[in-house]
(Lines of atoms letter the chains of each structure in order from A and count residues from 1; the text may use other names and numbers.)
(Lines give C-alpha, C1' and ligand atoms only; values in the text may rest on other atoms or scores of the structure.)
Protein backbone atom coordinates (compact mmCIF):
# COMPACT_ATOMS: atom_id res chain seq x y z
CA UNK A 1 0.00 0.00 0.00
CA UNK A 2 1.31 3.43 -0.94
CA UNK A 3 1.21 6.01 1.87
CA UNK A 4 1.16 9.71 1.00
CA UNK A 5 1.88 12.59 3.34
CA UNK A 6 -1.12 14.99 3.46
CA UNK A 7 -0.74 18.41 1.94
CA UNK A 8 -0.73 21.46 4.24
CA UNK A 9 -4.19 22.87 5.06
CA UNK A 10 -4.72 26.33 3.58
CA UNK A 11 -6.16 28.91 5.98
CA UNK A 12 -8.48 31.36 4.27
CA UNK A 13 -7.63 35.03 4.80
CA UNK A 14 -10.77 37.06 4.14
CA UNK A 15 -9.19 40.45 4.88
CA UNK A 16 -6.29 39.85 2.48
CA UNK A 17 -8.70 38.61 -0.19
CA UNK A 18 -10.75 41.81 0.10
CA UNK A 19 -7.66 44.04 -0.06
CA UNK A 20 -6.14 42.42 -3.13
CA UNK A 21 -9.54 41.87 -4.73
CA UNK A 22 -10.76 45.46 -4.46
CA UNK A 23 -7.42 46.98 -5.45
CA UNK A 24 -6.41 44.68 -8.31
CA UNK A 25 -9.27 42.20 -8.73
CA UNK A 26 -7.04 39.42 -7.34
CA UNK A 27 -9.61 37.50 -5.37
CA UNK A 28 -8.02 34.04 -5.71
CA UNK A 29 -4.94 33.11 -3.72
CA UNK A 30 -3.12 31.80 -6.78
CA UNK A 31 -3.48 35.25 -8.37
CA UNK A 32 -1.51 36.97 -5.64
CA UNK A 33 2.21 37.45 -5.67
CA UNK A 34 5.02 38.45 -3.36
CA UNK A 35 7.26 39.31 -6.29
CA UNK A 36 8.63 42.83 -6.63
CA UNK A 37 6.21 45.37 -8.10
CA UNK A 38 6.89 46.08 -11.77
CA UNK A 39 8.17 49.48 -12.86
CA UNK A 40 4.90 50.12 -14.71
CA UNK A 41 2.88 49.53 -11.55
CA UNK A 42 5.32 51.65 -9.54
CA UNK A 43 4.61 54.48 -12.00
CA UNK A 44 0.87 54.08 -11.42
CA UNK A 45 1.50 54.13 -7.67
CA UNK A 46 3.28 57.47 -8.05
CA UNK A 47 0.41 58.80 -10.17
CA UNK A 48 -2.02 57.68 -7.47
CA UNK A 49 0.07 59.42 -4.80
CA UNK A 50 0.26 62.65 -6.83
CA UNK A 51 -3.50 62.58 -7.47
CA UNK A 52 -4.12 62.10 -3.75
CA UNK A 53 -1.93 65.09 -2.85
CA UNK A 54 -3.55 67.27 -5.51
CA UNK A 55 -7.06 66.35 -4.36
CA UNK A 56 -6.04 66.95 -0.75
CA UNK A 57 -4.99 70.51 -1.57
CA UNK A 58 -8.11 71.03 -3.71
CA UNK A 59 -10.37 69.72 -0.94
CA UNK A 60 -8.67 71.94 1.64
CA UNK A 61 -8.98 74.94 -0.65
CA UNK A 62 -12.75 74.57 -1.04
CA UNK A 63 -13.29 73.87 2.64
CA UNK A 64 -11.50 77.11 3.57
CA UNK A 65 -13.05 79.10 0.70
CA UNK A 66 -16.45 78.70 2.37
CA UNK A 67 -16.03 82.31 3.46
CA UNK A 68 -16.40 83.43 -0.17
CA UNK A 69 -19.01 81.05 -1.61
CA UNK A 70 -21.40 83.94 -2.26
CA UNK A 71 -18.69 85.77 -4.17
CA UNK A 72 -18.13 82.69 -6.33
CA UNK A 73 -21.86 82.29 -7.02
CA UNK A 74 -22.08 85.93 -8.10
CA UNK A 75 -19.20 85.38 -10.43
CA UNK A 76 -21.06 82.45 -12.01
CA UNK A 77 -24.20 84.57 -12.28
CA UNK A 78 -22.36 87.35 -14.09
CA UNK A 79 -21.15 84.81 -16.66
CA UNK A 80 -24.29 82.72 -17.11
CA UNK A 81 -27.10 85.11 -16.22
CA UNK A 82 -28.73 82.41 -14.05
CA UNK A 83 -28.48 82.24 -10.29
CA UNK A 84 -27.48 78.90 -8.81
CA UNK A 85 -25.31 77.60 -6.01
CA UNK A 86 -22.35 76.42 -8.05
CA UNK A 87 -20.46 75.27 -4.97
CA UNK A 88 -22.78 72.29 -4.40
CA UNK A 89 -21.70 70.20 -7.45
CA UNK A 90 -18.06 71.19 -6.88
CA UNK A 91 -18.12 70.11 -3.25
CA UNK A 92 -20.00 66.89 -4.06
CA UNK A 93 -17.58 65.81 -6.80
CA UNK A 94 -14.55 66.87 -4.75
CA UNK A 95 -15.70 64.88 -1.72
CA UNK A 96 -16.50 61.82 -3.85
CA UNK A 97 -13.19 61.96 -5.74
CA UNK A 98 -11.13 62.52 -2.61
CA UNK A 99 -12.85 59.65 -0.80
CA UNK A 100 -12.25 57.31 -3.73
CA UNK A 101 -8.58 58.20 -4.17
CA UNK A 102 -7.94 58.11 -0.42
CA UNK A 103 -9.50 54.63 -0.29
CA UNK A 104 -7.16 53.43 -3.04
CA UNK A 105 -4.20 54.94 -1.17
CA UNK A 106 -5.15 53.01 1.97
CA UNK A 107 -5.41 49.79 -0.04
CA UNK A 108 -2.00 50.45 -1.63
CA UNK A 109 -0.43 50.97 1.80
CA UNK A 110 -2.02 47.72 2.99
CA UNK A 111 -0.46 45.93 0.02
CA UNK A 112 2.94 47.32 0.95
CA UNK A 113 2.50 46.39 4.61
CA UNK A 114 1.54 42.80 3.71
CA UNK A 115 4.31 42.42 1.17
CA UNK A 116 1.87 42.03 -1.71
CA UNK A 117 2.68 43.06 -5.25
CA UNK A 118 0.97 46.30 -6.32
CA UNK A 119 -1.21 45.68 -9.33
CA UNK A 120 -3.88 48.37 -9.75
CA UNK A 121 -6.85 47.17 -11.78
CA UNK A 122 -7.45 48.90 -15.12
CA UNK A 123 -10.83 50.24 -13.98
CA UNK A 124 -9.13 51.98 -11.05
CA UNK A 125 -6.48 53.30 -13.41
CA UNK A 126 -9.22 54.90 -15.47
CA UNK A 127 -10.75 56.36 -12.29
CA UNK A 128 -7.42 57.76 -11.12
CA UNK A 129 -6.78 59.28 -14.56
CA UNK A 130 -10.24 60.88 -14.61
CA UNK A 131 -9.76 62.30 -11.11
CA UNK A 132 -6.32 63.67 -12.01
CA UNK A 133 -7.45 65.31 -15.25
CA UNK A 134 -10.64 66.86 -13.86
CA UNK A 135 -8.86 68.22 -10.80
CA UNK A 136 -6.06 69.65 -12.93
CA UNK A 137 -8.54 71.37 -15.24
CA UNK A 138 -10.46 72.71 -12.23
CA UNK A 139 -7.30 74.10 -10.64
CA UNK A 140 -6.32 75.84 -13.88
CA UNK A 141 -9.83 77.27 -14.30
CA UNK A 142 -9.92 78.68 -10.79
CA UNK A 143 -6.44 80.11 -11.22
CA UNK A 144 -7.51 81.97 -14.34
CA UNK A 145 -10.93 83.20 -13.21
CA UNK A 146 -10.72 83.43 -9.41
CA UNK A 147 -7.00 83.58 -8.82
CA UNK A 148 -7.18 85.90 -5.82
CA UNK A 149 -8.95 83.19 -3.83
CA UNK A 150 -5.75 81.12 -3.59
CA UNK A 151 -4.67 83.61 -0.92
CA UNK A 152 -7.13 81.94 1.44
CA UNK A 153 -4.72 78.99 1.82
CA UNK A 154 -1.79 80.84 3.48
CA UNK A 155 -4.26 82.91 5.51
CA UNK A 156 -6.11 79.82 6.73
CA UNK A 157 -2.82 78.14 7.64
CA UNK A 158 -2.41 80.85 10.28
CA UNK A 159 -5.44 79.33 12.00
CA UNK A 160 -4.96 75.65 11.15
CA UNK A 161 -1.17 75.37 10.80
CA UNK A 162 -0.37 74.23 14.37
CA UNK A 163 -3.08 71.59 14.27
CA UNK A 164 -2.32 70.41 10.74
CA UNK A 165 1.28 69.95 11.86
CA UNK A 166 0.19 67.62 14.66
CA UNK A 167 -2.05 65.67 12.28
CA UNK A 168 0.68 65.34 9.64
CA UNK A 169 3.19 64.22 12.24
CA UNK A 170 0.76 61.59 13.54
CA UNK A 171 0.21 60.27 10.00
CA UNK A 172 3.93 60.05 9.20
CA UNK A 173 4.60 58.42 12.56
CA UNK A 174 1.96 55.79 11.79
CA UNK A 175 3.64 55.14 8.43
CA UNK A 176 6.76 54.09 10.30
CA UNK A 177 5.10 50.68 10.81
CA UNK A 178 5.09 50.10 7.04
CA UNK A 179 8.54 51.62 6.51
CA UNK A 180 10.08 49.57 9.30
CA UNK A 181 8.44 46.43 7.97
CA UNK A 182 9.86 47.00 4.48
CA UNK A 183 13.32 47.68 5.86
CA UNK A 184 13.24 44.56 8.08
CA UNK A 185 11.88 42.38 5.27
CA UNK A 186 14.34 43.55 2.61
CA UNK A 187 17.69 41.81 2.13
CA UNK A 188 19.20 44.64 0.06
CA UNK A 189 21.34 46.97 2.14
CA UNK A 190 21.14 49.81 -0.38
CA UNK A 191 17.34 49.68 -0.36
CA UNK A 192 17.28 49.75 3.42
CA UNK A 193 19.60 52.77 3.60
CA UNK A 194 17.67 54.75 0.98
CA UNK A 195 14.28 54.08 2.57
CA UNK A 196 15.47 54.91 6.08
CA UNK A 197 17.19 58.14 4.98
CA UNK A 198 14.17 59.25 2.96
CA UNK A 199 11.78 58.57 5.82
CA UNK A 200 13.98 60.25 8.41
CA UNK A 201 14.34 63.30 6.17
CA UNK A 202 10.56 63.70 5.99
CA UNK A 203 10.24 63.13 9.73
CA UNK A 204 12.99 65.64 10.55
CA UNK A 205 11.34 68.19 8.26
CA UNK A 206 8.06 67.82 10.15
CA UNK A 207 9.90 68.14 13.47
CA UNK A 208 11.30 71.51 12.36
CA UNK A 209 8.21 72.87 10.56
CA UNK A 210 6.94 74.76 13.65
CA UNK A 211 9.98 77.02 13.37
CA UNK A 212 8.34 78.44 10.23
CA UNK A 213 4.70 78.38 11.40
CA UNK A 214 3.52 81.87 12.25
CA UNK A 215 0.09 82.63 13.63
CA UNK A 216 -1.13 85.89 15.17
CA UNK A 217 -3.08 83.82 17.72
CA UNK A 218 0.17 82.50 19.22
CA UNK A 219 0.48 85.45 21.56
CA UNK A 220 0.16 86.63 25.12
CA UNK A 221 -3.62 86.93 25.79
CA UNK A 222 -3.02 90.11 27.79
CA UNK A 223 -1.94 91.90 24.59
CA UNK A 224 -5.14 90.98 22.71
CA UNK A 225 -6.84 94.09 21.34
CA UNK A 226 -10.53 94.80 21.67
CA UNK A 227 -13.05 92.86 19.60
CA UNK A 228 -13.23 94.20 16.00
CA UNK A 229 -16.43 96.03 15.12
CA UNK A 230 -18.73 94.27 12.67
CA UNK A 231 -20.28 96.14 9.74
CA UNK A 232 -23.28 94.54 8.03
CA UNK A 233 -22.31 94.14 4.39
CA UNK A 234 -25.54 94.70 2.41
CA UNK A 235 -27.29 94.34 5.75
CA UNK A 236 -27.75 90.72 6.74
CA UNK A 237 -28.04 89.08 3.30
CA UNK A 238 -28.07 85.57 4.76
CA UNK A 239 -31.25 86.36 6.68
CA UNK A 240 -32.99 88.84 4.37
CA UNK A 241 -32.75 90.14 0.78
CA UNK A 242 -29.56 92.14 0.28
CA UNK A 243 -29.67 95.95 0.25
CA UNK A 244 -33.25 96.13 1.55
CA UNK A 245 -34.50 97.94 4.66
CA UNK A 246 -35.41 94.66 6.35
CA UNK A 247 -31.92 93.33 5.70
CA UNK A 248 -30.35 96.33 7.43
CA UNK A 249 -32.81 96.07 10.31
CA UNK A 250 -31.89 92.42 10.76
CA UNK A 251 -28.21 93.39 10.79
CA UNK A 252 -28.86 95.98 13.51
CA UNK A 253 -30.55 93.25 15.56
CA UNK A 254 -27.21 91.41 15.45
CA UNK A 255 -25.48 94.33 17.21
CA UNK A 256 -23.48 95.55 14.21
CA UNK A 257 -21.81 98.92 14.57
CA UNK A 258 -22.17 99.91 10.94
CA UNK A 259 -23.92 99.22 7.64
CA UNK A 260 -22.41 98.84 4.18
CA UNK A 261 -24.26 99.12 0.87
CA UNK A 262 -23.77 99.38 -2.90
CA UNK A 263 -25.17 102.58 -4.39
CA UNK A 264 -26.32 103.36 -7.94
CA UNK A 265 -27.95 106.56 -9.20
CA UNK A 266 -31.30 106.44 -10.99
CA UNK A 267 -32.08 108.26 -14.21
CA UNK A 268 -33.74 111.10 -12.29
CA UNK A 269 -30.83 111.49 -9.83
CA UNK A 270 -31.99 109.39 -6.85
CA UNK A 271 -29.20 107.29 -5.28
CA UNK A 272 -30.54 103.79 -4.53
CA UNK A 273 -29.10 100.50 -3.30
CA UNK A 274 -28.22 97.88 -5.90
CA UNK A 275 -25.19 95.64 -6.29
CA UNK A 276 -25.68 94.29 -9.82
CA UNK A 277 -25.64 96.30 -13.03
CA UNK A 278 -29.08 94.93 -13.92
CA UNK A 279 -32.23 94.23 -11.91
CA UNK A 280 -32.75 90.61 -13.02
CA UNK A 281 -31.34 88.79 -10.02
CA UNK A 282 -32.83 90.72 -7.09
CA UNK A 283 -36.17 92.01 -8.43
CA UNK A 284 -39.22 90.81 -10.36
CA UNK A 285 -38.41 92.92 -13.40
CA UNK A 286 -39.24 90.01 -15.73
CA UNK A 287 -42.89 90.46 -14.67
CA UNK A 288 -43.12 94.24 -14.42
CA UNK A 289 -40.83 95.31 -17.27
CA UNK A 290 -40.13 92.13 -19.27
CA UNK A 291 -38.64 94.06 -22.21
CA UNK A 292 -36.11 95.89 -20.00
CA UNK A 293 -34.49 93.00 -18.15
CA UNK A 294 -31.01 93.61 -19.53
CA UNK A 295 -31.11 97.40 -19.21
CA UNK A 296 -28.65 98.93 -16.76
CA UNK A 297 -30.32 99.61 -13.41
CA UNK A 298 -29.26 103.25 -13.49
CA UNK A 299 -31.48 103.89 -16.55
CA UNK A 300 -34.64 103.42 -14.49
CA UNK A 301 -36.27 106.37 -12.76
CA UNK A 302 -37.21 106.17 -9.13
CA UNK A 303 -40.93 105.80 -9.88
CA UNK A 304 -40.29 102.68 -11.96
CA UNK A 305 -37.95 101.26 -9.34
CA UNK A 306 -40.61 101.59 -6.67
CA UNK A 307 -42.88 99.27 -8.66
CA UNK A 308 -40.44 96.38 -8.34
CA UNK A 309 -40.45 93.75 -5.63
CA UNK A 310 -36.99 93.17 -4.13
CA UNK A 311 -37.76 90.32 -1.74
CA UNK A 312 -39.59 87.50 -3.48
CA UNK A 313 -36.43 86.34 -5.27
CA UNK A 314 -34.85 85.61 -1.88
CA UNK A 315 -37.64 83.24 -0.88
CA UNK A 316 -37.54 81.57 -4.29
CA UNK A 317 -33.78 81.17 -4.78
CA UNK A 318 -32.83 80.69 -1.11
CA UNK A 319 -29.22 81.73 -1.90
CA UNK A 320 -27.85 80.89 1.55
CA UNK A 321 -30.09 77.90 2.41
CA UNK A 322 -31.60 79.85 5.32
CA UNK A 323 -35.24 80.36 4.30
CA UNK A 324 -36.34 77.32 6.31
CA UNK A 325 -35.11 79.05 9.48
CA UNK A 326 -37.39 82.08 8.98
CA UNK A 327 -40.70 82.55 10.75
CA UNK A 328 -43.94 83.15 8.79
CA UNK A 329 -43.85 86.81 9.84
CA UNK A 330 -40.32 87.22 8.50
CA UNK A 331 -41.27 85.58 5.21
CA UNK A 332 -44.19 87.99 4.86
CA UNK A 333 -41.94 90.99 5.50
CA UNK A 334 -39.39 89.70 3.00
CA UNK A 335 -42.01 89.13 0.32
CA UNK A 336 -43.03 92.82 0.49
CA UNK A 337 -39.59 94.44 0.30
CA UNK A 338 -38.95 97.10 -2.34
CA UNK A 339 -35.85 98.80 -3.72
CA UNK A 340 -34.27 100.92 -0.99
CA UNK A 341 -32.92 104.43 -1.51
CA UNK A 342 -29.72 105.74 0.05
CA UNK A 343 -31.68 108.34 1.95
CA UNK A 344 -33.81 105.64 3.60
CA UNK A 345 -30.71 103.77 4.70
CA UNK A 346 -29.10 106.90 6.12
CA UNK A 347 -32.20 107.76 8.14
CA UNK A 348 -32.26 104.23 9.59
CA UNK A 349 -28.56 104.46 10.48
CA UNK A 350 -29.04 107.89 12.05
CA UNK A 351 -31.86 106.57 14.23
CA UNK A 352 -29.65 103.73 15.52
CA UNK A 353 -26.47 105.84 15.60
CA UNK A 354 -24.71 103.40 13.24
CA UNK A 355 -21.91 104.12 10.81
CA UNK A 356 -22.68 103.87 7.07
CA UNK A 357 -20.20 103.03 4.34
CA UNK A 358 -21.32 102.77 0.73
CA UNK A 359 -19.71 101.88 -2.56
CA UNK A 360 -20.85 104.39 -5.16
CA UNK A 361 -20.94 103.26 -8.79
CA UNK A 362 -20.65 105.92 -11.45
CA UNK A 363 -23.44 105.70 -14.08
CA UNK A 364 -22.63 105.00 -17.76
CA UNK A 365 -21.46 107.90 -19.98
CA UNK A 366 -24.88 108.41 -21.60
CA UNK A 367 -26.58 108.72 -18.24
CA UNK A 368 -28.10 112.14 -17.33
CA UNK A 369 -26.20 112.14 -14.03
CA UNK A 370 -22.85 111.06 -15.45
CA UNK A 371 -21.23 114.35 -14.45
CA UNK A 372 -23.32 115.19 -11.38
CA UNK A 373 -23.20 111.80 -9.65
CA UNK A 374 -21.00 113.03 -6.77
CA UNK A 375 -23.16 116.07 -6.09
CA UNK A 376 -26.37 114.02 -6.31
CA UNK A 377 -25.07 111.55 -3.76
CA UNK A 378 -23.75 114.24 -1.45
CA UNK A 379 -27.11 116.02 -1.64
CA UNK A 380 -28.90 112.81 -0.58
CA UNK A 381 -26.56 112.52 2.42
CA UNK A 382 -27.28 116.08 3.48
CA UNK A 383 -31.06 115.75 3.00
CA UNK A 384 -31.25 112.62 5.13
CA UNK A 385 -30.20 114.54 8.23
CA UNK A 386 -27.67 111.88 9.27
CA UNK A 387 -24.69 113.24 11.26
CA UNK A 388 -21.74 113.52 8.90
CA UNK A 389 -19.54 111.76 11.44
CA UNK A 390 -21.48 108.54 10.75
CA UNK A 391 -20.88 108.47 7.00
CA UNK A 392 -17.74 106.91 5.50
CA UNK A 393 -17.19 108.57 2.11
CA UNK A 394 -15.33 106.31 -0.35
CA UNK A 395 -15.31 107.91 -3.86
CA UNK A 396 -11.93 109.44 -4.74
CA UNK A 397 -13.40 111.75 -7.39
CA UNK A 398 -13.72 115.38 -6.28
CA UNK A 399 -12.67 114.47 -2.73
CA UNK A 400 -11.39 118.02 -2.05
CA UNK A 401 -14.72 119.48 -3.15
CA UNK A 402 -16.59 117.04 -0.91
CA UNK A 403 -14.42 118.08 2.05
CA UNK A 404 -15.45 121.71 1.52
CA UNK A 405 -19.17 120.97 1.29
CA UNK A 406 -19.25 118.29 4.01
CA UNK A 407 -16.13 118.51 6.16
CA UNK A 408 -17.53 116.12 8.78
CA UNK A 409 -17.62 113.04 6.53
CA UNK A 410 -15.21 110.21 7.34
CA UNK A 411 -12.86 110.16 4.36
CA UNK A 412 -12.30 106.53 3.41
CA UNK A 413 -10.14 105.00 0.70
CA UNK A 414 -10.63 101.66 -1.07
CA UNK A 415 -7.14 101.73 -2.62
CA UNK A 416 -4.28 100.18 -0.68
CA UNK A 417 -1.78 102.80 0.48
CA UNK A 418 0.64 103.21 3.34
CA UNK A 419 -0.57 104.90 6.56
CA UNK A 420 1.71 107.84 5.82
CA UNK A 421 0.23 108.41 2.36
CA UNK A 422 -3.32 108.20 3.68
CA UNK A 423 -2.56 110.71 6.43
CA UNK A 424 -1.00 113.02 3.87
CA UNK A 425 -4.26 113.10 1.89
CA UNK A 426 -6.39 113.52 5.00
CA UNK A 427 -7.88 110.01 4.85
CA UNK A 428 -8.63 108.37 8.18
CA UNK A 429 -10.11 105.02 7.06
CA UNK A 430 -9.08 102.24 4.69
CA UNK A 431 -11.43 99.58 3.27
CA UNK A 432 -9.75 96.52 1.72
CA UNK A 433 -10.47 92.89 0.87
CA UNK A 434 -9.08 90.64 3.59
CA UNK A 435 -6.34 89.18 1.34
CA UNK A 436 -4.90 92.63 0.58
CA UNK A 437 -3.42 93.19 4.03
CA UNK A 438 -0.83 90.97 5.68
CA UNK A 439 -0.56 90.45 9.42
CA UNK A 440 2.38 92.86 9.57
CA UNK A 441 0.49 95.52 7.62
CA UNK A 442 -2.52 95.15 9.89
CA UNK A 443 -0.21 95.68 12.84
CA UNK A 444 1.23 98.81 11.25
CA UNK A 445 -2.25 100.25 10.72
CA UNK A 446 -3.31 99.42 14.27
CA UNK A 447 -0.35 101.42 15.56
CA UNK A 448 -1.23 104.42 13.40
CA UNK A 449 -4.27 106.68 13.42
CA UNK A 450 -5.67 104.98 10.29
CA UNK A 451 -8.49 102.53 11.00
CA UNK A 452 -8.52 99.49 8.75
CA UNK A 453 -11.70 97.66 7.74
CA UNK A 454 -11.48 94.33 5.92
CA UNK A 455 -14.23 92.63 3.92
CA UNK A 456 -15.94 90.20 3.54
CA UNK A 457 -15.49 88.19 6.75
CA UNK A 458 -18.05 85.43 7.29
CA UNK A 459 -16.15 82.60 8.97
CA UNK A 460 -15.31 82.54 12.70
CA UNK A 461 -11.77 81.27 12.06
CA UNK A 462 -11.01 84.21 9.77
CA UNK A 463 -12.58 86.67 12.18
CA UNK A 464 -10.44 85.21 14.98
CA UNK A 465 -7.22 85.51 12.98
CA UNK A 466 -7.95 89.14 12.13
CA UNK A 467 -8.89 89.83 15.72
CA UNK A 468 -5.53 88.49 16.92
CA UNK A 469 -3.84 90.55 14.19
CA UNK A 470 -5.36 93.75 15.60
CA UNK A 471 -7.77 94.81 12.84
CA UNK A 472 -10.20 97.49 13.99
CA UNK A 473 -13.34 96.41 12.10
CA UNK A 474 -14.63 93.94 9.53
CA UNK A 475 -17.46 93.91 7.01
CA UNK A 476 -19.54 90.75 7.10
CA UNK A 477 -22.52 89.08 5.41
CA UNK A 478 -22.84 86.74 8.41
CA UNK A 479 -23.20 89.11 11.36
CA UNK A 480 -25.45 86.54 13.06
CA UNK A 481 -22.52 84.08 12.96
CA UNK A 482 -19.83 86.48 14.18
CA UNK A 483 -22.14 87.57 16.97
CA UNK A 484 -21.50 84.14 18.53
CA UNK A 485 -17.71 84.71 18.64
CA UNK A 486 -17.07 86.65 21.85
CA UNK A 487 -13.43 85.50 21.94
CA UNK A 488 -10.94 84.15 19.37
CA UNK A 489 -11.54 80.48 18.60
CA UNK A 490 -8.12 79.59 19.97
CA UNK A 491 -5.39 81.56 21.62
CA UNK A 492 -2.09 80.09 22.79
CA UNK A 493 0.89 81.54 24.59
CA UNK A 494 4.24 81.11 22.76
CA UNK A 495 5.69 79.01 25.58
CA UNK A 496 2.61 76.77 25.58
CA UNK A 497 2.94 76.21 21.84
CA UNK A 498 6.66 75.48 22.20
CA UNK A 499 5.89 72.91 24.90
CA UNK A 500 3.26 71.27 22.72
CA UNK A 501 5.59 71.24 19.72
CA UNK A 502 8.55 69.67 21.60
CA UNK A 503 6.33 67.15 23.39
CA UNK A 504 4.71 65.94 20.18
CA UNK A 505 8.11 65.62 18.50
CA UNK A 506 9.56 63.61 21.38
CA UNK A 507 6.55 61.30 21.53
CA UNK A 508 6.71 60.78 17.78
CA UNK A 509 10.43 60.00 17.86
CA UNK A 510 10.01 57.51 20.71
CA UNK A 511 7.16 55.77 18.89
CA UNK A 512 9.14 55.56 15.63
CA UNK A 513 12.20 54.09 17.36
CA UNK A 514 10.02 51.60 19.21
CA UNK A 515 8.28 50.52 16.00
CA UNK A 516 11.57 50.01 14.14
CA UNK A 517 12.94 47.87 16.98
CA UNK A 518 9.75 45.85 17.25
CA UNK A 519 9.54 45.27 13.49
CA UNK A 520 13.17 44.14 13.35
CA UNK A 521 12.55 41.67 16.17
CA UNK A 522 9.27 40.55 14.63
CA UNK A 523 10.71 40.03 11.15
CA UNK A 524 13.86 38.26 12.24
CA UNK A 525 13.81 34.78 10.73
CA UNK A 526 10.58 35.55 8.83
CA UNK A 527 11.85 37.31 5.73
CA UNK A 528 11.17 34.38 3.49
CA UNK A 529 7.80 33.56 5.03
CA UNK A 530 4.90 33.79 2.65
CA UNK A 531 1.43 33.64 4.27
CA UNK A 532 -0.06 32.71 0.91
CA UNK A 533 2.47 29.99 0.08
CA UNK A 534 1.21 26.41 0.21
CA UNK A 535 3.92 24.00 1.32
CA UNK A 536 3.70 20.84 -0.74
CA UNK A 537 5.51 17.83 0.72
CA UNK A 538 7.21 16.95 -2.54
CA UNK A 539 10.89 16.25 -2.93
CA UNK A 540 11.05 18.01 -6.29
CA UNK A 541 10.02 21.69 -6.71
CA UNK A 542 7.60 22.33 -9.52
CA UNK A 543 7.26 25.36 -11.74
CA UNK A 544 5.17 28.31 -10.49
CA UNK A 545 2.64 27.65 -13.24
CA UNK A 546 2.16 24.05 -12.11
CA UNK A 547 1.87 25.15 -8.50
CA UNK A 548 -0.80 27.68 -9.43
CA UNK A 549 -2.81 24.93 -11.07
CA UNK A 550 -2.35 22.69 -8.06
CA UNK A 551 -3.53 25.41 -5.72
CA UNK A 552 -6.87 25.33 -7.48
CA UNK A 553 -7.11 21.50 -7.11
CA UNK A 554 -6.08 20.96 -3.54
CA UNK A 555 -7.47 17.58 -2.46
CA UNK A 556 -6.54 15.81 0.69
CA UNK A 557 -6.09 12.10 0.68
CA UNK A 558 -6.35 9.54 3.42
CA UNK A 559 -4.67 6.16 3.64
CA UNK A 560 -6.74 3.56 1.81
CA UNK A 561 -9.17 6.12 0.33
CA UNK A 562 -9.44 5.33 -3.36
CA UNK A 563 -11.22 8.55 -4.46
CA UNK A 564 -9.83 12.09 -4.40
CA UNK A 565 -6.25 11.05 -3.67
CA UNK A 566 -3.23 13.20 -4.21
CA UNK A 567 -2.30 10.93 -7.13
CA UNK A 568 -5.12 12.40 -9.14
CA UNK A 569 -3.88 15.89 -8.45
CA UNK A 570 -0.45 15.26 -9.89
CA UNK A 571 -1.49 12.88 -12.64
CA UNK A 572 -3.83 15.56 -14.00
CA UNK A 573 -0.80 17.77 -14.47
CA UNK A 574 1.22 15.15 -16.34
CA UNK A 575 4.07 14.28 -13.97
CA UNK A 576 5.00 11.84 -11.20
CA UNK A 577 6.25 12.66 -7.77
CA UNK A 578 7.89 11.19 -4.71
CA UNK A 579 6.97 12.00 -1.16
CA UNK A 580 9.48 12.65 1.55
CA UNK A 581 8.62 9.36 3.14
CA UNK A 582 9.16 7.40 -0.07
CA UNK A 583 7.17 4.25 -0.94
CA UNK A 584 6.30 1.77 1.75
CA UNK A 585 4.77 -1.62 1.37
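For all residues, glycine too, the Cβ spot is worked out from N, Cα and C.
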| message | Between the candidate ranges 18-35, 72-89, 126-143, where does TrEMBL place the transmembrane segment annotation? | response | 126-143
| message | Please identify the range among 459-478, 479-498, 499-518, 519-538 that TrEMBL labels transmembrane segment. | response | 499-518
| said: Quick check on the annotations: TrEMBL lists transmembrane segment for one of 193-213, 214-234. Which range is it? | reply: 193-213
| Correct range for transmembrane segment (source TrEMBL, candidates 144-162, 163-181) | 163-181
| remark: Stretch winning on C-beta pairs under 8 A with the transmembrane segment (90-114) (pool: 42-62, 126-143, 163-181, 193-213, 499-518) is 42-62
| Among the recorded stretches 42-62, 163-181, 193-213, 499-518, which has the greatest number of Cβ pairs closer than 8 Å to the transmembrane segment (126-143)? | 42-62
| Going through 42-62, 163-181, 193-213 one by one, which has the most CB pairs that fall under 8 Å from the transmembrane segment (499-518)? | 163-181
